[in-house]
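Undergrad: Take a look at what TrEMBL says about it:
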DOMAIN    211-683  domain 'UvrD-like helicase ATP-binding'
BINDING   GLY232, GLY233, PRO234, GLY235, THR236, GLY237, LYS238, THR239  ATP binding site
COILED    538-565  coiled coil
Amino acid sequence: MSAVEAREHVGWIVTSTSDVEEAQHTLTHPDLPSEQNYMERLYDRLEDLKSTARRRLDEAHSAGGGTPQARSERESYIRLYTQELATYRAANMGLCFGRLDATDGSTNYVGRVGLRDDDAELTPLLLDWRSDLSRPFYLATAARPEGIERRRHIRSHGRKVVEINDEYLDADLAARSGAKELDTADVAGEGALLEALDRARTGHMTDVVATIQREQDEIIRNQHRGVIVVQGGPGTGKTAVALHRAAYLLYTFREKLDRSGVLILGPNSTFLDYIARVLPSLGESGVVLRTIGDLYPGIEAVGSEHEHAEEVKGSEDMVEILKRAVKNRQSSPSQRTKISVDGVSLEITPAMVRKARGRARMSRKPHNRARPAFVDVLLDQLTDVYADVVGRPLHVTAGDAESVAREAALFSDPDFDAAVDSGLVDVVAEGGQVARIDEGGPEALERNLLTADDLANVRNELEDHDELAELIDQWWPILAPEDVLADLLSSRESIASAASDYVEEDQQALFRADGHSFTPADVPLIDELAEILGVDSEAEREEEERAWQEQLRQAEEALEILQGSANMEFEDTDSEILAAYDIVDAEALARRNRADSDLTVAERAAADRTWAFGHVIVDEAQELSPMAWRMVMRRSPNRWMTLVGDIAQTSNPAGVDTWGQALSPYVEDRWQLCELTVNYRTPATITAVADNLLRSINETISSPRPVREGRYPVGWHDVELEDSDAVDATLMSILSSLEQGRSTAIVATAQRCAQLSRLPELNSILSASTEEAGLIQVEDVRRVKGLEFDHVVVVGPDEITGGSIQGMQDLYVALTRATQQLHIVFDGVVPVELAANG
Ligand SMILES: Nc1ncnc2c1ncn2[C@@H]1O[C@H](COP(=O)(O)OP(=O)(O)OP(=O)(O)O)[C@@H](O)[C@H]1O
């Protein structure tokens with residue numbers, strides 16, 4: 001399908017095949033003055049609303065004191081006006097970009113934000129692009145006009161309207177408007193998009209709200225309340241769609257999502273930085289942006305990983321290995337241990353510890369939360385031992401006096417001899433030696449000299465027993481997930497024990513030296529361990545709530561005391577005198593110590609491992625390993641998710657091969673697949689080369705249709721890569737041939753990047769480049785996922801394909817990053833997969 005056919009596919013009425021230059025040619029539209037007036041009116045109204053929000057915000061800030069209720073109301077107002085102000089500020093650029101003329105004669109303007117007049121009827125002046133009434137702006141076609149007869153695209157610079165293009169959805173009206181006007185207008189609607197696509201790229205993505213296409217809009221507004229998967233090739237706008245969907249959902253389900261938050265996960269921090277401005281430019285700030293590497297609160301995974309380790313750690317087998325690693329920390333002694341309580345020596349046998357461990361395991365609670373069971377069973381047994389030793393009358397039936405005396409020492413009971421003499425001790429002797437001392441049976445128990453209170457006291461004493469506490473910490477320690485993982489990965493013995501069924505090579509892959517920082521592949525393991533251990537924010541919250549109630553009780557007590565003494569002090573004095581209890585209530589007093597009350601939902605959600613997000617969006621979702629899916633699914637108990645990705649671009653060896661396989665453990669087949677089929681980034685000249693490679697990766701995946709033909713052929717350069725001078729000279733020659741003022745990425749394997757960054761000529765160009773003049777960067781091929789540049793120079797394609805298990809996919813990603821020009825620098829051999837075009 002040609003670029004023009006692709007444009008028809010996305011729903012434009014194309015009556016001419018003119019290119020970008022022609023589309024940009026602006027005819028003076030007869031409505032330009034009236035549209036300029038309307039634009040002025042909109043901006044004036046926006047200014048009014050901004051100053052009102054600013055004034056209200058100032059008032060809310062300066063209002064002091066008040067009851068806790070007033071304080072919390074004030075905080076809500078501050079949040080509300082801050083958000084309003086951010087929305088109005090964000091709407092400043094390109095405030096209005098469309099107009100819809102309906103067949104019933106009504107007219108609506110479409111823009112970044114909804115505006116109403118301040119008349120009595122609050123007449124709508126501008127529709128928010130996300131409102132239902134705005135939908136035909138994105139969806140209406142000649143075949144399905146949705147009650148619209150004309151769609152107008154308005155381009156402006158600041159307040160100045162610079163271009164108006166009309167699309168007629170009604171043939172009669174188009175004819176009445178005159179054929180010439182119709183042709184030009186129809187092409188110009190397309191021109192708005194082509195102009196946007198042709199624009200020089202900075203290091204940051206921009207929103208596409210004025211030019212969202214039909215198939216994209218259908219996904220953005222998809223009402224399915226479960227999992228939707230957005231599959232699309234490179235440049236089809238998956239990221240754009242994901243971000244606009246977040247803005248749409250926050251607008252449409254504001255109340256619910258304001259409370260629960262939206263999480264957007266991206267592949268790496270460079271990518272998050274690249275997309276970070278899109279949502280604020282749409283007026284949305286309450287979204288948590290994270291990578292898998294920083295999704296676990298308090299952990300920042302910056303280490304790098306060998307891909308074999310990435311594969312092993314990503315496999316779901318790790319769940320069992322981690323469980324074993326935790327089990328291995330639940331130990332029992334190999335010998336009897338003695339502790340002394342009130343001068344009484346108590347013996348703890350391995351069997352007693354094993355019994356406690358068995359009971360704790362049987363509780364089926366996570367490790368840390370099973371510890372109380374372990375402690376309980378151990379203390380019960382020790383209390384019994386104490387009772388046996390101290391309180392229970394014993395009965396001697398046999399044995400010689402000497403042996404009995406030796407046993408007496410064991411019991412540290414000064415009255416033991418007396419007990420033997422009086423026949424209270426039951427010693428069983430064999431062969432002239434004491435074989436064992438029986439508990440004495442039910443009658444003896446009945447005669448136990450310790451009361452229930454005595455035993456309770458003994459138990460309390462055992463609870464506070466330092467030596468015993470240390471032993472318990474050895475046998476059933478409280479564990480932190482990051483410590484368990486660090487200990488496991490840095491000990492070959494621990495790995496061998498926990499992963500005994502792994503082959504040597506896989507065990508090796510897990511090992512790393514002590515003190516190594518965590519990698520992104522470690523983070524899902526830490527999260528899994530947090531589950532196995534029971535590191536639970538819910539429990540922490542309960543604990544916090546208990547602490548809060550305690551603070552409140554203490555504050556009430558303090559105020560009561562104050563009140564009591566005030567009654568005495570002020571008995572005969574002026575009743576008008578204000579006492580502390582008049583102006584501070586218990587809650588306000590207690591609240592002074594509470595620091596977290598001002599946190600936003602996004603801040604609280606980001607800090608809480610167990611936060612249940614209202615909606616979760618995953619970009620480049622094909623990169624998630626089975627372990628990472630487990631982690632992400634925990635954040636989305638309601639399974640309302642938008643997963644965006646392209647399985648042809650999977651570079652994680654543990655990543656997704658098929659969506660069904662990745663999702664079935666969580667939602668079986670209850671997920672919806674939406675596909676994007678048009679490539680907005682890469683022109684056809686570049687796509688042709690990438691398509692050759694795609695066929696080698698997966699024959700069944702069809703490549704998206706490019707919307708632009710492209711002005712430049714792909715450049716091929718045969719250079720000996722080990723000859724640094726030659727490489728330097730080639731790169732210089734390529735860079736000087738590129739259109740200036742545009743961004744350029746030189747993409748290679750990490751190893752080759754290290755060589756490139758030492759090339760003298762290139763280095764001086766790199767350090768002198770600026771964003772304004774067109775940034776030039778050297779980028780590791782593993783870091784360019786999701787990004788785009790005007791020009792891309794791929795160095796050493798065969799090194800990229802041979803450099804990793806997913807090398808072909810990495811090269812495919814690299815080839816599809818350019819919006820304008822692609823150059824390929826190879827060393828004698830062009831990978832066969834590209835050769836058709838070499
Ligand atoms: N409707 C649109 N109007 C204008 N620009 C668009 C539109 N859709 C996509 N684009 C632009 O096309 C480019 C590619 O979009 P995006 O990065 O979202 O694609 P992607 O499918 O996520 O690509 P990849 O999988 O390769 O990372 C971006 O510059 C984006 O702004």
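Placement of Cβ uses the backbone N, Cα and C atoms for every residue, glycine included.
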Undergrad: Quick one: give me the count of other CB atoms within 10 A of the CB of THR239 (ATP binding site).
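TA: Result for THR239 (ATP binding site): 24 neighbouring Cβ atoms inside 10 Å.
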Undergrad: Which binding-site residues among GLY233, PRO234, GLY235 have CB under 6 Å of ligand 1?
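TA: Only PRO234, GLY235 meet the Cβ criterion.
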Undergrad: Under a three-state reduction of DSSP output, how is PRO234 (ATP binding site) classified: helix, strand, or coil?
TA: coil
Undergrad: How many neighbouring Cβ atoms, not counting its own, are there within 10 Å of the Cβ of GLY237 (ATP binding site)?
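TA: For GLY237 (ATP binding site), the 10 Å Cβ neighbour count is 26.
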Undergrad: Pop the mean pLDDT for the domain 'UvrD-like helicase ATP-binding' (211-683) in here, whole number is fine.
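TA: Average per-residue pLDDT within the domain 'UvrD-like helicase ATP-binding' (211-683): 82.
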Undergrad: With every protein chain in view, what's the tally of Cβ atoms within 10 Å of the Cβ of LYS238 (ATP binding site), excluding that atom itself?
TA: 25
Undergrad: For the recorded ATP site, whose residues are GLY232, GLY233, PRO234, GLY235, THR236, GLY237, LYS238, THR239, find every other residue on that chain with a C-beta no more than 8 angstroms from the centre of their C-beta atoms, and list them by sequence position.
TA: ASP646, LEU676, ASN679, TYR680, ARG681, PRO704
Undergrad: Least buried of the binding-site residues GLY232, GLY233, going by other Cβ atoms within 10 Å?
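TA: Relative to the other binding-site residues in GLY232, GLY233, GLY232 has the fewest Cβ atoms within 10 Å.
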Undergrad: Measure from the Cβ of THR236 (ATP binding site) and count the other Cβ atoms within 10 Å, all protein chains considered.
TA: 26
Undergrad: Under DSSP, is THR239 (ATP binding site) helix, strand or coil?
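TA: Helix, per DSSP.
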Undergrad: Validating a neighbour-count step here. Other CB atoms within 10 A of the CB of GLY235 (ATP binding site): how many?
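TA: Its Cβ shell of radius 10 Å holds 28 other Cβ atoms.
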Undergrad: Under 8 Å between C-beta atoms and at least six apart in sequence, can you list the same-chain neighbours of PRO234 (ATP binding site), or say none if there are none?
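TA: Correct list: ASP646, GLN649, ASN679, ARG681, THR682, ALA690, PRO704, TYR812, VAL813, THR816, ARG817.
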